[in-house]
Amino acid sequence: MKKSVVGSMLVMVMLLGLVMGCSTNNNQPANDQPAAGASGGEGKTGKTKIQFWHSMGGNNGEYIDKMIKAYNESQDNVEVVGTFQGSYQETLTKLQQAVPANTAPDISMLERAFVPLLAEAEVLADFYPLLESTGMSEEDFLPGLLENVKFNGQLNALPFNRSTPLLHINKTLLDEKNLKVPATWDELEAVANALVVKENGEFKRYGYSMPYASWYPIAMIQQLKGAFFHAEGTGMGFDEEGVQTFEFLKKMQSTGALYYPPAQDSGNIVNSMFASGQIGMMMESTGVIGRHAGVVDFDYVTAYLPMKDQYSSPTGGANLVMFESSKNKEAAWDFMNWVFNDPKGGQQFILDSGYVPFTKKMAESAEMKAQWEKVPARKVAYEQLEHALDTNNDAAFAAVDQIFLKATEAIMYDNADIRSTLDSFKKEAEKLMQE
Amino acid sequence: MHSKWRLIQSGTSYTLKGVVLLIFIFPFLWMIMTALKTFPETMVFPPRLLPAMPQWSNFVTAMQSGPFVTYTINSVIVTVSIIILQMVIMIPAAYAFAKYKFKGQPLLFALVLLAFMIPGQVTFIPVYLMLADWGIIHTLLPQILPFAANAFGIFLLRQYFMQVPTEIIESARLDNASEFKIMLKIMVPMSVPALATIGLFSFVSHWNDYFWPLVMTDSMNVRPLTIGIAMLRETEGISNWNIIMAGNVVLVLPILLAYLFSSKQIVKAFVYSGIK
């Protein structure tokens with residue numbers, strides 16, 4: 001008995017030892033560990049260590065690792081440690097808990113709509129003096145991507161992996177019916193209806209689709225010269241524009257011209273159906289171009305989002321922010337400055353990933369032009385930035401977005417009355433904005 | 001007539017069992033088949049179950065896309081440590097709640113049940129702040145310590161211990177057996193099925209846990225397999241589902257093995273409680 005008890009105790013002690021031992025890693029160099037309660041610090045190699053949190057998984061995660069590796073190999077003073085922190089929402093949650101715990105990183109990727117939340121909490125560093133220190137200015141960035149980055153006279157975020165919705169088209173289907181690429185809502189409706197195939201009461205092909213997300217109805221509201229939030233941040237910025245948007249979508253849905261997908265995994269469903277020729281056109285992010293160009297067996301093209309009263313497209317993706325708590329702002333800026341200016345930095349990441357270029361220098365580079373020549377669909381995304389407009393710039397967006405999606409579900413899935421649903425949404429949203 | 005009725009009965013029984021089996025097996029089958037497809041095959045709509053040619057290289061691609069050896073070691077250490085710590089705390093606690101009468105016992109047991117009802121999403125921020133204050137946020141401990149006590153396990157084991165006749169314990173005491181010895185030599189051997197059930201549930205829930213390790217860890221060096229698999233997914237755009245599913249097959253394999261080894265004990269645990 002005593003032997004077994006002693007044996008058990010030994011196992012316990014060994015296990016706890018293992019746990020404590022593993023508390024400073026097994027396979028990685030020990031100096032990869034950031035100091036607890038600090039943003040970065042000095043590693044054992046004498047390099048200043050910079051913590052960079054991001055939300056890039058899959059192929060894009062590999063491209064971002066490649067970029068960080070290239071920077072670390074390019075100089076001997078700073079070492080950037082990139083860490084995946086989950087989706088954009090999960091990264092925000094982690095930042096919200098890390099800031100009060102004093103474990104925030106030096107730099108982080110932050111979904112563009114979440115920037116106001118942290119900027120208003122005054123935890124983000126001002127980029128104006130940093131840009132000036134290396135002879136840069138906000139003029140170096142594409143203006144369409146600087147919509148949601150300035151707060152209280154400070155520049156709190158700079159664009160990085162940015163995207164915008166586009167019209168993706170199966171041109172082969174349009175050509176079969178002698179249809180032109182639609183440029184207006186009316187043309188879109190006519191072309192989408194012409195593409196519908198209905199057999200024995202069942203739709204075999206739909207004309208048009210879009211994933212389940214607020215991004216797409218917001219684009220349409222803006223095309224009607226409305227805004228999601230009022231410019232002064234006093235409330236919602238649309239009225240009839242919202243009603244017209246959903247009336248248009250419901251009208252198209254009723255004839256099979258629009259396939260509105262189920263909420264769960266809608267992006268994959270819509271893209272799979274588009275790739276299989278079961279949807280003729282879709283409003284989707286620039287992020288999917290790489291998945292269709294050169295892969296699908298039809299003539300694949302992209303175009304501007306069709307206009308109503310004006311062309312307009314919101315932007316998406318994420319920006320880079322630096323935390324005011326960072327003890328190594330200079331080193332962190334050295335990395336960011338390299339990302340913005342070195343061809344192996346952000347430019348290579350954009351070429352690899354397919355996000356839109358974010359600096360003027362990048363857009364004018366020979367490498368980018370060569371890629372546009374090869375994949376013209378990407379150039380359309382860049383050109384459409386001329387009409388980029390973001391009207392969801394409010395700290396309450398994350399919360400308002402959730403109830404907007406509920407209203408969308410009620411209208412698109414349950415045929416709820418459009419006007420009354422949007423009225424109740426607006427009341428609830430304005431309450432949230434005042435909190 | 002009787003034999004015809006019996007034939008119908010057994011036919012219906014087998015059909016229903018087959019349907020239930022299919023419902024449970026289909027997601028696993030889908031996962032394995034997707035893991036063997038090419039990327040364009042995952043994009044075909046309507047989807048097809050079987051790949052044209054099995055792509056075993058998807059498993060290599062998935063495992064080479066990150067430090068999966070580190071992730072696996074971390075998952076094993078975290079899960080095994082949690083189970084051992086839970087057993088060490090749960091067995092004496094359940095024994096005390098089942099066989100001792102002491103002041104405040106109902107209140108303390110109610111507190112255990114209360115802990116059982118609070119989801120991790122409610123407590124993670126204060127727990128994170130506390131652990132960050134202790135300076136252990138860059139270790140494996142934040143994934144282990146908050147789960148050292150298993151309220152559900154204490155509850156289940158207490159119910160099991162209560163069914164052990166008090167006479168057995170009293171006769172052991174008459175033979176001068178210590179309380180520690182009674183617990184280890186009488187209560188534990190009689191409760192192996194319950195302990196196996198609790199162990200398996202705990203193993204599955206912590207091996208598969210994504211949310212807690214994500215919010216509690218800031219460095220890839222201390223992260224488990226679940227986060228490694230989640231990293232295979234694109235944040236925006238279309239993911240390589242064939243690679244993600246190959247990673248998932250690797251993730252669920254230990255769970256299936258653990259179930260194979262403990263399934264007999266689990267069935268016993270349910271049968272035993274059913275008879276009683």
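Each Cβ is built from the backbone N, Cα and C atoms, and glycine gets one as well.
The domain 'ABC transmembrane type-1' feature in TrEMBL is assigned to B:72-262.
Remote same-chain residues near the transmembrane segment (B:12-33) are listed as 49-51, 245, 248-249, 252 (criterion: CB distance under 8 Å, separation of at least six residues from the stretch ends). According to TrEMBL, the feature transmembrane segment maps to B:12-33 (among others).
The annotation transmembrane segment is assigned in TrEMBL to B:68-95 (among others).
Sequence annotations record features per position, and here TrEMBL assigns transmembrane segment to B:107-131 (among others). Beyond its flanks by at least six residues, the transmembrane segment (B:107-131) meets 93, 97, 137, 141-142, 145-146, 149, 151-152, 154-155, 158, 211-212, 215-216 of its own chain at Cβ-Cβ distances under 8 Å.
For the transmembrane segment (B:143-161), the residues of the chain that approach it from at least six positions outside its boundaries are 78, 81-82, 85-86, 89-91, 93-95, 97-99, 109, 112-113, 115-116, 120, 123, 127, 131, 187, 191, 194-195, 197-198, 201-202, 206, 209, 212-213, 216-217, 222, 224, 269, 273, judged by C-beta separation under 8 angstroms. The transmembrane segment annotation in TrEMBL covers B:143-161 (among others).
Look at TrEMBL and you will find B:182-204 (among others) tagged as transmembrane segment.
Marked as transmembrane segment by TrEMBL: B:241-261 (among others).
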